[in-house]
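Engineer: Quick one: structure below, then a few questions.
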Amino acid sequence: MLQWTRVSNGSLEFSGNASLDGQLSHILEGLNVTQVLALEPLDAWALWREDVTTYLHHFSQLVKLFSKERPINYTQSLCCRLGCQLFPNGTARSFYEVTLNGTAFLSFHVPNATWERRWPGRDAVAAYAQRELMKYPPTTQVLQYFLNTTCVNILRAQIAGTEKQSSRSHAPLVLGLILGTFALLGMAVGIFLCTGGSC
C-alpha cells in the first residue's frame, strides 16, 4: 500500500493505492477510495468507503486547525509505504516506512511494535512524531497485528487460491489505508507544532 499526503497552506491532497499479489486493488484520490478488484461485496464496501472518507475528512480538518495556529509557507509531502511480502521458503517480511519531503522520516519495527526515527541527525519533529505515535495502541499493536498476521494471511490465501470473494473479507486492505492515514496524525501534529523548533 502506498499513500501520499501533500500539505500546502492548510489544505491536504490525498492519493494512494493498494495491490494484492501484484494486482491493483484500491485507489485513493482525494477523499474517494475506489475498489478496483471486486474483493468486497458492494454493501460491505460502501460501509468501508464511508469510514475511510469520514476519517480523511476529520484528518483534513485537524490539519487545517493546526495550520491556522502555526502557518507554514512551504509544502510538506508525506508518503507512507506499508505491506508484507512472502518468500518462496514460506517466511514473510512486513514493513511500514514513512518519508517526509522525500527523506526517510520514520519506520515501524514490526517485531517489537515500535516506531523508529529515520530522519538524519537529531530532529525535534521526528522525535515528537515518534513519541506521539508510541502513545496510541492503534499505531502500535493494531498495526503490528495487521502487518504480521492479517496482511500475511491474505497473501497466503491468495497464493494458495483458497480465497473466495464470498467467504473472506478484504476489509483489512481498507484498514491498511486507514492506519496509514492514522499514523500521519502524529506526524502532522509534530510537524505543525514543532515548526520553528519548539515542541
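Each Cβ is built from the backbone N, Cα and C atoms, and glycine gets one as well.
So TrEMBL lists these for the protein:
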type	residues	note
DOMAIN	52-157	domain 'MHC class I-like antigen recognition-like'
TRANSMEM	173-193	transmembrane segment
Engineer: Per DSSP, how many helix, strand and coil residues does the domain 'MHC class I-like antigen recognition-like' (52-157) have?
Structural biologist: 50 helix, 31 strand, 25 coil
Engineer: Please work out the mean pLDDT for the residues of the domain 'MHC class I-like antigen recognition-like' (52-157).
Structural biologist: 83
